[in-house]
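So that you can see what the record holds, here are the features copied from TrEMBL:
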DOMAIN    29-293  domain 'DUS-like FMN-binding'
BINDING   PRO31, MET32, VAL33, GLN86, HIS185, ALA239, ARG240  FMN binding site
ACT_SITE  CYS115  active site, proton donor
Amino acid sequence: MIGDIRETKECQLKDPMDLFHSGQVVKICAPMVRYSKLAFRTLVRKYSCDLCYTPMIVAADFVRSAKARDSEFTTNKVGDHPLIVQFAAKEAQVLCDAARIVCPFADGIDLNCGCPQRWAISEGYGACLINKPELVKDMVRHVRSQIDNPKFSVSIKIRIHEDLKRTVDLCQKAEAAGVSWITVHGRSIEERHQPVHYDAIKIIKQSMSIPIVANGDIKTLKDAENVHHVTEADGIMVARGLLANPAMFAGYEETPFQCIQDWVDIALEHGTPFTCFHHHLMYMMERITSKQEKKVFNVLSSTSAVLDYLNDHYGV
């Protein structure tokens, strides 16, 4: 689960709230299924990313199964901080048990109240929780009362309601329960590719006294600056923009070759499975390769073939 960690005191934990008190907009790598794992977090941290989330983990499976813990959560002692572990949960005690397991190795947990996928909602996870403010409040309060470390953050990630008053009510209830910050994806459960309602994020920000993070359709550093300007959010969370360009937060318009080289080095060092290694490169090279090059590169089927291709074509 935790690489070679044996002694919890060796883990260099940080207080994520220090970032929000720094006066700078906090640059955050979103929780992404399959993608925001240790190797990729290591890469984006090299390029000005301040805070990283794990992929969403189902808390009940994580608590019940050592196998799930080993496969779902990997970190290291020094470089992977501050780190937020995102859980899908629907019962307060289960979330607390999961939080207690990761507490020695992570800097906070996040409750997923935003995943719109059918399987999640049918199981009572994700975005359906925005319609259960009392349950969200109860889960936040439970974790707050059962984790001794006052620096351990408890945050939530939400979508918005059609009626924004309901979203503000949810956020205020979570704040009263002791939530550290709230990430707002500016779309409703039904919306997928419609424009993000940044104006809604601004209204939520103005209604709260805790930090608010804006999320949705941020592809470049300029987008991030614009969204900060429009919403007044304290942090900006990016998903696909970082997949396409892990150096985005450092101001690069497209993935620099040094970043591709860094990914190769990090992925090999971490023993990243080939499919994940290759997929990340496909995303990173999307904007810098021709159609013809993509046709060849995207069907390569082994690490050695990918390494040969990068060496022959780009000197990586």
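The backbone N, Cα and C atoms fix where each Cβ goes, glycine too.
Here CYS115 (active site, proton donor) comes close to MET56, ALA88, ILE121, TYR125, GLY126, ALA127: these same-chain residues lie at least six apart in sequence, with C-beta atoms under 8 angstroms from its C-beta.
Per the record's binding annotation for FMN, residues PRO31, MET32, VAL33, GLN86, HIS185, ALA239, ARG240 show a top Cα-Cα distance of 17 Å. When the binding-site residues MET32, VAL33, ALA239 are compared by the number of other C-beta atoms lying within 10 angstroms of their own C-beta, VAL33 comes out lowest. Comparing local CB density within 10 A for the binding-site residues HIS185, ARG240, the maximum falls on HIS185.
The 10 Å shell around the Cβ of GLN86 (FMN binding site) contains 25 further Cβ atoms across the protein chains shown.
PRO31 (FMN binding site) has a Cβ environment of 25 other Cβ atoms inside 10 Å.
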